[in-house]
Amino acid sequence: MATFKRPKIALIGGGQIGGVLAQLCALRELGDVVMYDIVEDMPQGKCLDIAEASRVDRFDVEVKGTNDYADIEGADICIVTAGLPRKPGMSRDDLLTTNANIIKTVAENIKKYAPDSHVIVISNPLDAMVTLMREVTGFPHNRVYGQAGVLDSSRFASFIAWELGLSVKDINALVLGGHGDTMVPLVRYANVNGIPVMELLEQKYGDAAKAKEVMDAIVERTRKAGGEVVALLKKGSAFYSPASSAIAMAEAVLRDQKRVLPVCAWLNGEYGVKDMYLGVPAVLGANGVEKVIELSLNEEEQAMLDNSINAVKKLIEDMKRLGFL
Ligand code: A3D
């Protein structure tokens, strides 16, 4: 009889996002979870708490915390949130250096203990941390990718749904580019079950100029959505929605769903970009990023994407200047 083995999911970082990741993995029975963090006892406590809800929520997976990298041995997928947020007085370079040092150590341990795993990076600055993760692990590019676009696109779709008063389930909206102010919400491709969103906005307002003004505000809110949550929380940044977004990606891989999701993926000439990670739509399945999907962009969209590409290039140059790449 063939034996069934549950997938093993390693969460590197047991902070705000790490905790929600563990709970979602359990609720969806995606696999056994091991959460690593450098803070002593904290991941053990968080995971014990989640595991003790197993009877109530009816899940048959293990959820364990650890301070020992050896416990991630043989993981099928690693989701990385380890890192520090920017503190007052800290420059961008300081944060880049701090988080790059953390990701370097994380990557070395993933390489050592989970050499066949897929790695989903969430730590910021996202595009740089994914690049470093791939560089240090030396894993094939299809197995190292980042989460940003699923969240940015979900925010874009939510704002459209709220504006139109329609179910978000029927909204398809895509954000391309780097994870930052230069991201590119693709208005022309946004639709409600195939109906262009701009057409519905024009129907609502009876005026193309007003519809454009409303959409411009939605695009701007999408670009600044992370900051909007930070300003309200006062401490920390968004964690429920980033966790949900990474879980959608992990599920696509573990269940070989061939989903088309915006992923921070390695480009090899697509969108005119070579040898660089960037947020693009891709097919996610058992082989990780199985295919990058190229869209035809008009001049305005391409100019916005070029701007985003330049911002990511600048980040990569900074990483090189600081000696990480
Ligand atoms: P937080 O709650 O601070 O958790 C980070 C965890 O990392 C803490 O528990 C730390 O103890 C741990 N940590 C620090 N150093 C190490 C180390 N060397 N090894 C292992 N663990 C370590 O942050 P969070 O969970 O809210 O966010 C985590 C990361 O995700 C941050 O870098 C955020 O900026 C980033 N983030 C990204 C998105 C994207 O969509 C890309 C969205 C929101 C947050």
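From the backbone N, Cα and C atoms, a Cβ is placed for every residue, glycine too.
Remember, TrEMBL labels are computer predictions, not curated facts.
According to TrEMBL, the protein has these features:
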type	residues	note
ACT_SITE	HIS179	active site, proton acceptor
BINDING	GLY13, GLY14, GLY15, GLN16, ILE17, GLY18, ASP37, ASN99, ILE122, SER123, ASN124	NAD(+) binding site
BINDING	ARG86, ARG92, ASN124, ARG155	substrate binding site
DOMAIN	8-146	domain 'Lactate/malate dehydrogenase N-terminal'
DOMAIN	151-320	domain 'Lactate/malate dehydrogenase C-terminal'
Closest of ARG92, ARG155, HIS179 to ILE122 (NAD(+) binding site), Cα positions, recorded positions only: HIS179
Distance, ARG92 (substrate binding site) to GLY15 (NAD(+) binding site) (CA atoms, angstrom): 21
Residue, out of the binding-site residues ARG86, ARG92, ARG155, whose Cβ gathers the largest set of other Cβ atoms within 10 Å: ARG155
Within the domain 'Lactate/malate dehydrogenase N-terminal' (8-146), residues counted as helix, strand or coil by DSSP: 67 helix, 25 strand, 47 coil
Residues among the recorded positions ASP37, ARG155, HIS179 that border ligand 1 - Cβ under 6 angstroms, in sequence order: ASP37, HIS179
Residue among recorded positions ARG86, ARG92, ARG155, HIS179 with Cα closest to the Cα of GLY13 (NAD(+) binding site): ARG86
Pairwise C-alpha maximum, in angstrom, for the residues (GLY13, GLY14, GLY15, GLN16, ILE17, GLY18, ASP37, ASN99, ILE122, SER123, ASN124) that bind NAD(+) according to the record: 17
Maximal Cα-Cα distance (Å) across residues annotated as binding substrate, namely ARG86, ARG92, ASN124, ARG155: 25
ASN124 (NAD(+) binding site): tally of other CB atoms within 10 A of its CB: 23
Distance [Cα-Cα, Å, rounded] between ASP37 (NAD(+) binding site) and ARG92 (substrate binding site): 24
Rounded inter-Cα distance in Å - ILE17 (NAD(+) binding site), ARG86 (substrate binding site): 16
Secondary-structure category, per DSSP, in which ARG155 (substrate binding site) falls: helix
Distance from the residue listed as 'active site, proton acceptor' back to ARG92 (substrate binding site), taken between C-alpha atoms, in Å: 15
Count of other CB atoms lying within 10 Å of the CB belonging to ILE122 (NAD(+) binding site): 29
Binding-site residues: GLY13, GLY15 - member with fewest neighbouring CB atoms within 10 Å: GLY15
